Amino acid sequence: MEGWWSQSPETSFTETQMAPPDRSSYSEFYRRSIEDPDGFWGEQAALIDWQTRPARICDDSNPPFTRWFVGGTTNLCHNAVDRHLAARAGQPALICVSSETDSERVYTFRQLHDEVQRAAAMLQTLGVNKGDRVLIYMPMIAEAAFAMLACARIGAVHSVVFGGFASVSLASRIEDAQPTVIVSADAGSRAGKVVPYKPLLDEAIRLSTHKPAAVLLVDRGLAPMERTAGRDHDWAALSGQHAGVQVPCEWLQATDISYTIYTSGTTGRPKGVQRDVGGYAVALAASMKHIFLCEPGETYFSTSDIGWVVGHSYIVYGPLIAGMATIMYEGLPIRPDPGVWWSLVEKYRVSAMFSAPTAVRVLKKQDPAFLKKYDLSSLKALFLAGEPLDEPTARWISEGLDVPIIDNYWQTESGWPILTIANGVERQASKFGSPGVPMYGYKVKILHESTGEELTRPNEKGVVVIEGPTPPGFMQTVWRDDERFVNTYWKSIPGRLVYSTFDWGIRDEDGYYYILGRTDDVINVAGHRLGTREIEESISSHPNVAEVAVVGVADPLKGQVAMAFVVARDTSALADEASKLRLEGEIMKQVDEQLGAIARPARVRFVTLLPKTRSGKLLRRAIQAVCEGRDAGDLTTIEDPSALQQIRELLAG
Ligand code: AMP
């Protein structure tokens, strides 16, 4: 390829390609990223291929919107696939393993290149043009990655929706993204049980006022599919028509949109986190080197799902951009036995692994001998993120694997770690309980939640915020809603234009941060972020629900679980324990059907009134405290204290 900074992947990740940062000191590396962002990120930009050189590195002339690598043109798919053909066409790129269907398939970079071009041609045939949206609602199969990369190739905006979401969740995302095409499959599979997708998709399309022009369906032969004539197309059949097709990469502006991904917040309406092309590519390439210690030709294994941001950044784009093989795994960590992940580490010589604390807590309940059964000598580190990493879990896995355990804190919005240890720059100690220190490019501060004053003394608790300009890879805005982006994220602290993470935190005397939970109504179940409002809305639509409050309650395995407290309309439905259980089951089933099983509350309990302030605001935090056996805090504004007493008695009973 002709173009500026074009280089072979062999050399692009070596230190000689970079103006030598002071490798002896992370603090110096960090300082430069903050004081000289243009110089710093201009150098990092050499980690990827560009077609046209950016005219400007960082444009923050319109805060809080930051534009990176303005005037540069590049392509994520080129950087993830095509660019590696020269040096590693025959090397594994995508390794798809399903312990659900007992299948394993390895695609080399050459084969991936072919498949992605076919997928791109299919999308084009179905009417997808640059800038159009393609919604991907799929299980963890190769075609999901082909579809994502195909979108990136032709400049379509993908919006992957987690396969565990059900029709109402999916419908709201279809409504917002307005996709030209939806790519899906007959079914996923979980714990050996087939989970049909197509009926949920059909129902979601029925519920949405926006209708896609076409639906492209992978038939895995797991569940029968009803097809809508003229709209539904078969992946295998259409792909067959495009054998050997060549679809060149569309050179996109660095500031064009690569994808949107929906995430929960304080309202019931999910936000479409929008990301760019060039900044994202550079941020991922830099993180693979400085944080994840990766080299081309190695294998990366992230156990996440393509429906989450980790799946975007560290199953699909990050490892491939770095010229690595990436493992895409469908299944549980304990099936067929609790050694399944470690067997993959041995077989594919995995060098970096990325998972979530909940998965480790699941493994911790199994026979520890499984950790010792396989040769894990290729593994350099295990990275964990998505929820707080508790010390016993960290210690158990660290001793079991005998590799460093690297906690990293980030959000869907950031796209890559905000806090961790950049061991690729300088080896530094991790501290149990702390994800680490601010990553290069992130101006992290702790502010007082109501005065906006910066809290500089060690261990003072406040809101963790990020000052602009936000680094490359960070969300550009909320899809089609700049106002919501500014008002939701940047105006929550009085008098300050700063990005709020909506997490409480402290910083210790050594500069290490500790995350102490959310400041908003978001809960974190097994590393998955859920909005309590979304769950409340689903429960409220049950005919016998007058009022509901959902709170997140600490859980030893999942971190948090959702607990629902419901005031029933017809109390005769609560005459005895059996009827209460029946109604509880009905409500849970409804959440399953509307939002998906991940949003299902652990329990639905019935009360005659909910704790509220005199102005009618639900006291969710007080309910949560009571559920966790803590002091309910300041209750001077409560309308009727007996409401909390009822919950106490219910739980005691
Ligand atoms: P998500 O956008 O789904 O990735 O969720 C982001 C939220 O998960 C953060 O705002 C935190 O509340 C939580 N989180 C993510 N990583 C960590 C971590 N390493 N330690 C503590 N909390 C975390």
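Yeah, the Cβs are placed from backbone N, Cα and C, and that goes for glycine too.
These come from TrEMBL:
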type: COMPBIAS; residues: 1-17; note: compositional bias 'Polar residues'
type: REGION; residues: 1-24; note: region 'Disordered'
type: DOMAIN; residues: 26-80; note: domain 'Acetyl-coenzyme A synthetase N-terminal'
type: DOMAIN; residues: 83-470; note: domain 'AMP-dependent synthetase/ligase'
type: DOMAIN; residues: 534-617; note: domain 'AMP-binding enzyme C-terminal'
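Taking H, G and I as helix, E and B as strand and the rest as coil, DSSP gives the domain 'AMP-binding enzyme C-terminal' (534-617) the counts 32 helix, 28 strand, 24 coil. Taken residue by residue, the domain 'Acetyl-coenzyme A synthetase N-terminal' (26-80) breaks down under DSSP into 26 helix, 16 strand, 13 coil.
In the predicted structure, the domain 'Acetyl-coenzyme A synthetase N-terminal' (26-80) carries a mean pLDDT of 98.
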